[in-house]
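The transmembrane segment feature in TrEMBL is assigned to 21-41, 61-83, 95-117, 123-147, 159-179, 199-222, 234-252, 264-281, 293-320, 326-346, 386-404, 410-431.
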Amino acid sequence: MKRDTSLNFEFVPYWTIPFRFFLAAPLFAVLTGVVLCWLGGSFLLGDSPTLWQSRWLREVIFTLHLTTIGAITIVMVGALYQITSVVGGRMLPGGNVAATLIFSGLTAGAVLFLVAMLMNIDWLYATAASLIVSALVVLVVCGLWAISRAQRSSPTLMAMTLSLISLLVMVSIGGGLLLMHGYPEAVGFDRRWTDVHLIWALAGWVGLLIMGVSFQVIPMFHVTPSFTPRFQQWLPLVTFVAIVVAALVSFMDVGVGVSFSAKGALLACFGVYGVQVWRLIDKRKRKIEDITVLFWKTAVVSLLLFIILQLIDVFGWLVFAADKSWLISGVLLVFGVVMSVIGGMLQKIIPFLSYLHMQRFCAGNFEAIKSLPHMRAILKIDHSRYFYRLHVCSLVCLIVMMVVPEITLLAGLSICAEFSLLFYMTARVVMMIRNSERNSLPTNAPR
């Protein structure tokens, strides 16, 4: 691991704050797998003949949101808590109280959203949305407050600021879409808002946050050259502008050329980012087996395939299979890119954070420090290897599932196995930290 003197590890939240998010996220991913098993079983029994025939079907909407809210957003909130304090030297305000409010709102809201979708209970939609929106607004306020008072500026903090702004826009549009679904006669319904919601969610909130975090974690954990200062400074800004333009163009009658240019510019931003990530990872100094590198490369390949599919769609070469193309693109982006990056980064962040906290519990006792497990032993390499193989299996099954719905049950089982393993790996580390804390003197455990 490469030392970065600009990082401040004195300002880290108490270990239970990020780890509660890291523990909950795999459970929601398992829940998504269970839903897929149920849908796949229903299809095989002849109860769901239209499975995966359109992006507008209910099963697509609730599996997408269960994944993006329950798994992706929850784990990224945990990462945000950690990165903001280390990079900016300022912890998010509210401490454990605010973290608990955000965590409770997201988890309860995600569960209620699933129940509302499965049972089609209108009032539960409003309840779920209120909880999720409230939690995310608290997160945005706390995050922007901490970043605005950071001890220093950095491209990572700038990217995180743009990500939080995107999250606020996404939440606002999501609330509007919920009103459109609930009261279409009074409010009306415009499907273009759905695409704009997705742009702000995946390119803005998720994409910019991953971009900013990677500026720190790739050179640090993989001992690679750093991203160039100009690249770090300009890419998040250009990407954010491209998001704004792409969103605005969606509502304008500007012609095919302008629409294509706006979409192409946004795709180009992430394409350049993906190529740069691959280039840096190939320049890492230690060419030992590293599962996280495989996750990053899987994410980059998925991103490039997604971009190719989007360009084909723009030229109208897949008009006859537009829904299938959209669904496969969604799998590549959400599971192939985002979940790959998250899965890979957790293989580095979890051991690093756990070792950092266990070392602090030792309070300068060198004998106790020597007894701590090595970082590469905290997460067993065999577990990480199996986790990656299951991830690739799940990704392939999900892609095939969109064309051959009979595979849905197998895809669900693969996802259940993959994220059950991740939950076990994370829970095992949590027990290590808890035991280390219990074995230390009470006054030595920072809280």
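Note that Cβ sites are derived from N, Cα and C of the backbone, with glycine treated the same way.
Annotations in TrEMBL come from automatic prediction, not curation.
Against the transmembrane segment (326-346), stretch 293-320 has more CB pairs under 8 A than any other of 21-41, 234-252, 264-281, 293-320, 410-431. Between the transmembrane segment (264-281) and the transmembrane segment (21-41) there are fewer than 3 Cβ pairs closer than 8 Å, counting only residues 6 or more apart in sequence, so the two stretches are not in contact. Panel annotation: around the transmembrane segment (410-431), residues 19, 22-23, 26-27, 29-30, 32-40, 71, 343, 346, 350-351, 354, 378-380, 383-384, 386-387, 390-391, 393-394, 397-398, 400-401 of the same chain, lying at least six beyond its termini, place a Cβ under 8 Å from a Cβ of the stretch. If one looks beyond the transmembrane segment (159-179) by at least 6 residues along the same chain, the residues whose Cβ comes under 8 Å of a Cβ in the stretch are 80, 83-84, 125-126, 129, 132-133, 136-137, 139-140, 143-144, 147, 187, 193-194, 196-197, 200-201, 203-209, 211-213, 215, 236-237, 239-240, 243.
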